[in-house]
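Have a look at the structure below, then the notes.
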């Protein structure tokens with residue numbers, strides 16, 4: 001403090017003070033003398049007398065005298081601060097601790113409800129009779145027929161007819177097998193139908209891209225490789241050199257739904273990355289909650305139903321997040337690394353969604369790219385308005401959601417279809433009336449509450465159809 005006062009006194013004696021404006025800008029020099037000098041001598045530009053003015057030059061004052069500056073709090077949106085990694089780690093720690101307590105509580109209360117045998121029985125009933133696995137293995141016939149229609153040995157019309165039949169069989173044949181064969185479990189049937197749905201989308205894209213190649217080859221053959229091929233570290237392929245069984249198999253196993261002649265390829269397989277994703281690929285508290293929810297649903301006890309719904313919302317949402325990370329990050333990255341597939345954008349920042357539309361456009365990029373490339377843009381080119389095009393996309397998505405749920409459960413219920421179609425008015429409402437954080441909160445609320453409602457509806461209907469009626473007749477099948 002003594003040093004500061006001594007330095008301050010020296011500055012006063014030398015009368016080398018300057019005045020700063022409120023914004024920290026020094027006053028101008030006039031004829032070699034500053035306006036501050038005039039003020040210190042008792043004169044100002046306006047002629048007023050200034051006395052006892054002691055303002056010091058900030059650059060000559062010790063930093064101890066100035067410890068404040070114009071700034072916002074870190075948690076304010078105006079601060080521009082974006083590094084919340086510590087907060088994210090805290091959320092993860094709290095999530096693990098809270099669910100560990102819940103896991104131990106249910107373990108002590110209900111015991112071990114899931115064992116390896118029960119998990120295996122979800123997929124197969126008889127180890128010597130696995131129709132779902134045979135159904136998946138039988139896809140090779142569909143691939144060969146798709147390849148045959150592009151070999152050039154048949155006409156364009158016949159090839160289009162073969163592809164149409166092939167795509168129809170891809171969707172209808174597994175439905176027939178799942179509904180007729182009683183030994184297929186709901187989980188096994190849903191898995192087989194999911195594989196066939198992915199194959200349907202891939203073959204549709206495969207047909208479209210090769211059709212575009214044929215059209216361009218007639219118009220501008222020399223520019224074909226540059227217009228339809230991605231630059232890659234490997235040699236590029238042009239049509240019809242891509243129409244091979246090896247190329248088709250690579251596309252079938254690649255983590256994408258949109259076909260290209262030359263996919264972007266990574267230079268090598270990183271074993272450390274591969275092992276991490278494999279480790280991530282390699283919760284039983286929902287079971288008692290679902291079981292305890294059956295009686296309120298049967299009795300139509302609305303307050304109890306709401307209580308069970310809220311209890312189911314958190315673990316259901318947690319399992320959904322685990323599935324998202326396991327499938328879209330770990331599994332697809334594992335497959336991409338194994339196949340040296342370069343495009344790893346399987347999702348975007350859907351967690352920052354402020355509208356329902358933004359969420360559906362960014363949480364599942366492979367499906368979004370397929371819808372945009374092979375469904376939405378062709379509709380716009382045919383003269384359909386954007387609103388009708390978006391409605392058609394949601395309608396197709398609602399159909400496949402119901403296809404993947406109702407058929408394996410062997411009961412036609414419109415809950416998944418209605419849930420997807422309800423996204424249209426919800427998307428309009430959120431985009432029209434909610435913005436920023438309120439819109440993001442609405443998106444999260446629709447995810448946390450909407451899915452448990454559909455789960456409870458399907459579980460209730462399946463329980464009533466198979467167990468309650470079966471118990472009246474002597475027990476379930």
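Don't overthink the numbers, they just go from 1 along the chain as shown.
Keep in mind that glycine also has a Cβ here, set from the backbone N, Cα and C atoms.
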Among ranges 271-293, 294-316, 317-339, 340-362, whichever one TrEMBL labels transmembrane segment: 317-339
65-86, 87-108, 219-240 - the range that TrEMBL marks as transmembrane segment: 87-108
Of 28-49, 160-181, 248-269, the range TrEMBL labels transmembrane segment: 160-181
TrEMBL annotation (transmembrane segment) - matching range among 7-26, 187-206: 187-206
Annotated stretches the transmembrane segment (441-459) and the transmembrane segment (87-108) touching (3 or more Cβ pairs under 8 Å): no
